[in-house]
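Noted in Swiss-Prot for the protein shown:
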type: DOMAIN; residues: 69-129; note: domain 'FHA'
type: DOMAIN; residues: 174-441; note: domain 'Protein kinase'
type: BINDING; residues: Leu180, Gly181, Ser182, Gly183, Ala184, Tyr185, Gly186, Leu187, Val188, Lys203; note: ATP binding site
type: ACT_SITE; residues: Asp303; note: active site, proton acceptor
Amino acid sequence: MARDTQGTQGTQSQASNIWTQVESQPMEKIVWGRLYGKNIKIKSLGTSSKYRIIYTHSSFSVDLNNDEFTAGRGEANDLILTLNDLPEKILTRISKVHFIIKRANCELTNPVYIQDLSRNGTFVNNEKIGTNRMRILKNDDVISLSHPTYKAFVFKDLSPNESIGLPEEINKTYYVNRKLGSGAYGLVRLVYDTRTCQQFAMKIVKKNMLSGARPSTNFSDPDRVLNEAKIMKNLSHPCVVRMHDIVDKPDSVYMVLEFMRGGDLLNRIISNKLLSEDISKLYFYQMCHAVKYLHDRGITHRDLKPDNVLLETNDEETLLKVSDFGLSKFVQKDSVMRTLCGTPLYVAPEVLITGGREAYTKKVDIWSLGVVLFTCLSGTLPFSDEYGTPAAQQIKKGRFAYGHPSWKSVSQRAKLLINQMLIVDPERRPSIDDVLQSSWLRDAPMLQKAKRLMKLDGMEIEEENFLEPPTKRSRR
């Protein structure tokens with residue numbers, strides 16, 4: 001038995017030593033990019049030996065496998081440029097550190113940046129970056145030094161190509177990054193403007209997905225699509241997601257929109273279970289201003305729900321923006337109603353009653369706002385198939401209740417406003433101006449916060465929109 005024990009211990013000790021040796025060996029770094037010499041031979045690497053030379057036919061190349069790669073005349077650079085590499089007339093115009101190429105954490109999902117630190121210029125595809133400025137490098141970009149005609153390097157991005165199949169107009173302007181989300185009509189990707197490095201969300205909408213089984217003459221008409229896109233692009237309000245760019249193709253529409261880092265309102269509600277009355281009020285007030293802006297311009301959203309409300313930051317007090325307000329204009333009416341009838345939880349009763357076959361007014365947005373406010377305050381829906389009768393029947397009759405325990409701490413004024421917005425008869429439902437003048441929103445501290453947040457966008461909002469109307473002392 002003693003021998004067995006010793007044998008076991010010896011095996012464990014041997015395995016431990018092997019594991020220690022493996023741990024002590026440096027892990028091979030991921031090569032995320034490569035620089036090929038174009039009119040330059042890459043010979044003079046820095047003494048740190050972080051990079052290895054690979055000879056390829058008539059030129060040299062260097063693998064990029066660290067967070068940063070520097071090039072210039074200085075001896076501390078990863079690539080030291082000397083007379084062996086460049087003609088003297090060019091070398092004299094090279095700075096000690098001419099440029100830096102970097103990719104955060106060497107992650108293939110992160111974009112590659114090039115920063116110009118030179119006095120005489122670093123150029124990408126003949127365009128000057130500018131001292132201390134950055135731009136994004138893409139596969140096959142050509143880097144020139146001191147003058148656009150001196151093409152020194154070609155950059156190769158070794159990460160997966162996410163831009164395959166996208167229009168040339170998109171690939172020329174944007175670096176296409178990871179998927180942010182997807183839905184019935186297409187997907188959303190994170191993109192970067194290569195010149196400004198600004199982030200955007202690019203929504204790719206497939207036209208054949210929108211038009212349904214039957215051909216949609218409205219949607220397939222390029223002039224109609226482009227006209228609606230122009231309307232969306234001209235909208236400018238702090239609480240409405242801006243369209244930065246639009247590319248219309250026969251099979252798809254590519255909409256480049258503001259990127260909101262705080263996610264959507266639905267996830268914010270889910271992660272908190274519900275929102276406090278103060279935060280609900282701050283968010284709701286901003287939503288109302290967005291809807292007022294749209295209604296004043298003859299635009300009805302038609303699909304207001306927490307999924308379509310985006311938050312600028314992860315902070316509790318943050319700017320809020322309504323999105324997807326123009327999508328319904330692209331969609332054939334019958335197709336829209338088939339979609340809405342599948343999940344009618346935020347849809348006004350008049351839409352369900354008529355099946356979308358009759359005209360309806362802006363009051364459909366007021367109903368949806370009421371449902372959104374109900375959800376914010378309680379973390380529950382006013383209408384659901386789980387409540388016994390089908391949700392569509394509950395909506396048509398306007399039957400809902402404040403049964404959740406969270407309603408005990410909600411003010412009567414908030415409930416009164418919800419009651420008014422969820423009136424089945426649209427003629428009796430308040431307008432967006434009426435909602436904004438409701439007693440519940442006469443809250444000076446909230447109005448000041450909203451004013452501060454809504455001006456972050458650099459837009460002037462009329463002062464009277466934020467003034468508390470004269471009223472008697474409010475009661476809860």
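Each residue, glycine too, has its Cβ placed from N, Cα and C.
Projection of Swiss-Prot feature records onto the structure.
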residue : record                       : Cβ neighbours (10 Å)
Leu180  : ATP binding site             : 15
Ser182  : ATP binding site             : 11
Gly186  : ATP binding site             : 18
Val188  : ATP binding site             : 18
Asp303  : active site, proton acceptor : 21
Rounded to the nearest Å - Cα separation of Val188 (ATP binding site) and the residue listed as 'active site, proton acceptor': 18
Integer Å distance between the CA atoms belonging to the residue listed as 'active site, proton acceptor' and Gly186 (ATP binding site): 17
Structural state of Leu180 (ATP binding site), classified by DSSP into three states: strand
Val188 (ATP binding site) - helix vs strand vs coil (DSSP): strand
Inter-residue C-alpha distance, Leu180 (ATP binding site) and Asp303 (active site, proton acceptor) (nearest angstrom): 20
Counts by DSSP class (helix H/G/I, strand E/B, coil) across the domain 'FHA' (69-129): 7 helix, 20 strand, 34 coil
Ser182 (ATP binding site) and the residue listed as 'active site, proton acceptor', Cα-Cα, nearest whole angstrom: 17
